[in-house]
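Please read the structure below before turning to the comments.
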Amino acid sequence: MDNLTKVREYLKSYSRLDQAVGEIDEIEAQRAEKSNYELFQEDGVEEHTRPSYFQAADDSDTESEPEIEDNQGLYVPDPEAEQVEGFIQGPLDDYADEDVDVVFTSDWKQPELESDEHGKTLRLTLPEGLSGEQKSQWLLTIKAVVQSAKHWNLAECTFEASGEGVIIKKRQITPDVYKVTPVMNTHPYQSEAVSDVWSLSKTSMTFQPKKASLQPLTISLDELFSSRGEFISVGGNGRMSHKEAILLGLRYKKLYNQARVKYSL
């Protein structure tokens, strides 16, 4: 702070201060009128049209010119392509693509039904490339198909493929009334008694085996349902035939598929 005060005191006593300020303004005015090129020449700085790093790139390009000339015949430069300074286009690949046989290996196998002393087994191989969510959806679909066998015979169903998936249908078969042999009832009250199929709950029905080594299957509604209420709760009704009620009970007890394979239902 003392030095600044001394400078101020000195400038007050400097008799040629106004003259010095005028000379400085005159010099600055002259420099403003000159071009940048003239200023560079005054300061002794040589002005280059291109920076020094471009000059170094030109020197390296000059050394590799013979090699570039040797490769000029391998490609034709695109005249419309934008030229980038310092970039040298190399030769294009001129070899032809060869046909290569590509073989995709897969471990997927078609469903196989296996038989042994313990029974039969159907193996379904999981499709490859499924995500965790897709795998879960696939397993739920298979499970739904298996559970649907409780309510119908899959062998009697039709299989239709659609754009959204698969449609499985079973056509409702109505009995031919002209082929039904009427049963003559001598007493009207007997007809009323058998109008509800549950009245035959203690009556057994026999199914013949498909192989001579097996015994006939004899079963009644009492063995399949604990009560008429249970029979009604799973879809039964009094107007069913005795055989229809028995088959419903086999499906309810999850015995239908086994019985269908071994016996003539």
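Glycine residues also receive a Cβ, built from the backbone N, Cα and C atoms like all the rest.
Positions annotated as region 'Interaction with N(0)' by Swiss-Prot, on the basis of similarity to another entry: 1-60. As a whole-number mean, the pLDDT of the region 'Interaction with N(0)' (1-60) in this prediction is 65.
The phosphotyrosine annotation in Swiss-Prot covers Tyr14.
Here Swiss-Prot flags 42-74 as region 'Disordered'.
Look at Swiss-Prot and you will find 49-105 tagged as region 'Interaction with the L polymerase'.
The phosphoserine annotation in Swiss-Prot covers Ser60 (among others) and is backed by experimental evidence.
According to Swiss-Prot, the phosphothreonine annotation covers Thr62.
Residues or ranges marked as phosphoserine by Swiss-Prot on the basis of experimental evidence: Ser64 (among others).
Under the heading region 'Oligomerization', Swiss-Prot lists 107-177, citing experimental evidence as support.
Among the features that Swiss-Prot reports, site 'Involved in oligomerization' is placed at Trp138 (among others), with the record citing experimental evidence. The secondary structure of Trp138 (site 'Involved in oligomerization'), as reduced to three states from DSSP, is helical. Contacts of Trp138 (site 'Involved in oligomerization') defined by a Cβ separation under 8 A and a same-chain sequence distance of 6+ are given as Leu126, Pro127, Leu130, in order along the sequence.
Thr141 (site 'Involved in oligomerization') counts 12 other C-beta atoms within 10 Å of its own C-beta, drawing on all protein chains shown. Per Swiss-Prot, site 'Involved in oligomerization' is recorded for Thr141 (among others).
The region 'Hinge' feature in Swiss-Prot is assigned to 171-193.
Residues annotated as phosphoserine in Swiss-Prot: Ser226 (among others). There are 9 other Cβ atoms within 10 Å of the Cβ belonging to Ser226 (phosphoserine).
In three-state terms derived from DSSP, Ser227 (phosphoserine) belongs to neither a helical nor a strand segment and is classed as coil. According to Swiss-Prot, the feature phosphoserine maps to Ser227 (among others).
Per Swiss-Prot, the feature phosphoserine maps to Ser233 (among others); the stated evidence is experimental evidence. Taking the Cβ of Ser233 (phosphoserine) as reference, no residue of its chain lies under 8 Å away while being at least six apart in sequence. In the three-state DSSP reading, Ser233 (phosphoserine) counts as helix.
DSSP assignment over the region 'Interaction with the Nucleoprotein-RNA and template-binding' (245-265) gives 15 helix, 1 strand, 5 coil. Taken from Swiss-Prot, the feature region 'Interaction with the Nucleoprotein-RNA and template-binding' applies to 245-265, supported by similarity to another entry.
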Seminar exercise, completed: Excluding its own, the Cβ atoms lying within 10 Å of the Cβ of Ser227 (phosphoserine) add up to 11
